[in-house]
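Asker: The following block contains the structure, expressed as structure tokens.
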């Protein structure tokens, strides 16, 4: 059966309808759809049925059940009447428009990325690494060099250190004069011409303990070859 646009069924869409079935039950709900077999779809539907008492003295009572969305078969339908007009919000778009301002309860997409104008978090001062180009070795030190260049630089540094004059603290005078050549110390006779002056004690040896073994004291001839020199003061000579 073809349903025309002028059908009475189309005029009752979204109305509250009362539908009575063959078994006496009553369904009241919002009429949403139908077909040529008179199968109906009701939303927000309530069921009302009358329960007969067991005793004749008791009155017949009515029971109500909330069903929700219901599909009624047309073969069980007896009558269909209008219960009330459609709701006032019928036809209003429930999807928010693109230009409309969102209110509470409207879902919004989660933000992606960092919003503009928000400062980036920075690490504490003790945990932050050095700034690029600051706090590390210079670029000249990190530049790779050949073996000859490194050796020449090391030799130049050693020569500059060895040739630098030694500075002594003020108030203590200059370095002692070299021993072995030049004028003898006061209190000693000069050696005859053509004879080397005796060697003094080595540098750093405390005075008063004599000369080391093998070197005679000043003014004394050295022992002949193959013979030991005199023992130092305070030491007994070896037994024969």
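Glycine residues also receive a Cβ, built from the backbone N, Cα and C atoms like all the rest.
Remember, it's a predicted structure, so these values are computed and weren't measured experimentally.
Pulled these from Swiss-Prot:
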type     : residues : note
DOMAIN   : 4-86     : domain 'Sm'
MOD_RES  : 108      : omega-N-methylarginine
MOD_RES  : 108      : dimethylated arginine
MOD_RES  : 108      : asymmetric dimethylarginine
MOD_RES  : 112      : dimethylated arginine
MOD_RES  : 112      : asymmetric dimethylarginine
MOD_RES  : 112      : omega-N-methylarginine
MOD_RES  : 147      : omega-N-methylarginine
REGION   : 161-240  : region 'Disordered'
MOD_RES  : 172      : omega-N-methylarginine
COMPBIAS : 172-205  : compositional bias 'Pro residues'
REGION   : 175-236  : region 'Repeat-rich region'
COMPBIAS : 214-240  : compositional bias 'Pro residues'
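Help me picture these features in the structure, burial and contacts included.
Answerer: Neighbour list (residue 112 (dimethylated arginine), Cβ cut-off 8 Å, at least 6 residues apart, same chain): empty. Under the DSSP three-state reduction, residue 112 (dimethylated arginine) is assigned to coil, being neither helix nor strand.
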